[in-house]
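Taken verbatim from TrEMBL:
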type	residues	note
DOMAIN	23-287	domain 'NADH:quinone oxidoreductase/Mrp antiporter transmembrane'
DOMAIN	289-342	domain 'NADH dehydrogenase subunit 2 C-terminal'
TRANSMEM	59-80	transmembrane segment
TRANSMEM	92-115	transmembrane segment
TRANSMEM	152-170	transmembrane segment
TRANSMEM	177-195	transmembrane segment
TRANSMEM	201-221	transmembrane segment
TRANSMEM	233-253	transmembrane segment
TRANSMEM	273-293	transmembrane segment
TRANSMEM	323-346	transmembrane segment
Amino acid sequence: MNPFILATLLFGLGLGTTITFASSHWLLAWMGLELNTLAIIPLMAQLHHPRAVEATTKYFLTQAAAAATLLFASITNAWLTGQWDIQQLSHPLPATMITLALALKIGLAPLHAWLPEVLQGLDLTTGLILSTWQKLAPFALLLQIHPTNSNLLIFLGLTSALIGGWGGLNQTQLRKILAYSSIAHLGWMILVLQFAPSLTLLTLIMYLIMTTSAFLVFKFNNSTNINALATSWAKAPTLTALTPLILLSLGGLPPLTGFVPKWLILQELTKQGLAPTATLAALTALLSLYFYLRLSYAMTLTTSSNNLTATTPWRFSSPQHTLPLAISTSLAILLLPLTPATMALLTT
């Protein structure tokens, strides 16, 4: 892609998210979301491959439906209450519709079916943008309207955590596994949104760090399915030894970074008298942990076939930039001791 066009599209991505962040009016927030969607579509279709075009079309139709629902709900709210302000969402009907529209935008279950299919059709770099940056603007709106629809948020959170863990169990494609991982993590964020918004923000930041690290590892190894992970020992042995720590951090095992948000969310749910919800959420984490362990096993405890027809993946020097990978990997593994400092920064 032409670098000037790429710079324009990335600028559009940043501008759309910034507009939504800064807006207090529903029309302005809707415009930022639309700009965000239109900026990423050329990036998704740049491979000119039928699978990429199919994924782009699915994404566009889904986001258009969510944006239309959001606009209709905001107009309904203005008609019923006379308010266009985002934080003045008092009527339950438009509040429910807007929550469901934003859930469709970010891929919360049961409105999640588009996300694994779309992510499977993209390259890993665009998939990384879709899994991280594209979640920010809808989450900014959810954080502003969170006092409404408590039962709906708990239902969306538990369903996403359950389907995100269950859906990834039988997958062999890494991008689909990361998509279901995204659904599960978003479920945890939505569960605690109405009780502790700062905790949701902390979980989102941790999710961005760990997902970025996982995508960059797979991009570095040029791996798109589980079988390709077995060749990574010969390409980058040190990175291969560290990757299970990243995956287990995504699963939420101590003493890794991913343990922080799950531990604090379960603690907060218990404080709010939602012990059954916390128990069910903890059980869904076991489902996710299974497929992370499966990836770790495939990467570190299996070797690639060495028959005559196989090509040996020799250890050539990689032309890729490894600084973002090094930073995100270090953060995904080592941030647990900084939990008190992080919580203090978010609550002040």
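Residue numbering: from 1, along the chain as shown.
Cβ atoms are placed via backbone N, Cα and C, with glycine included.
TrEMBL labels come from automatic prediction, so no person has curated them.
Against the transmembrane segment (273-293), stretch 233-253 has more CB pairs under 8 A than any other of 59-80, 92-115, 233-253, 323-346. Averaged across the domain 'NADH dehydrogenase subunit 2 C-terminal' (289-342), pLDDT for the predicted model comes to 77.
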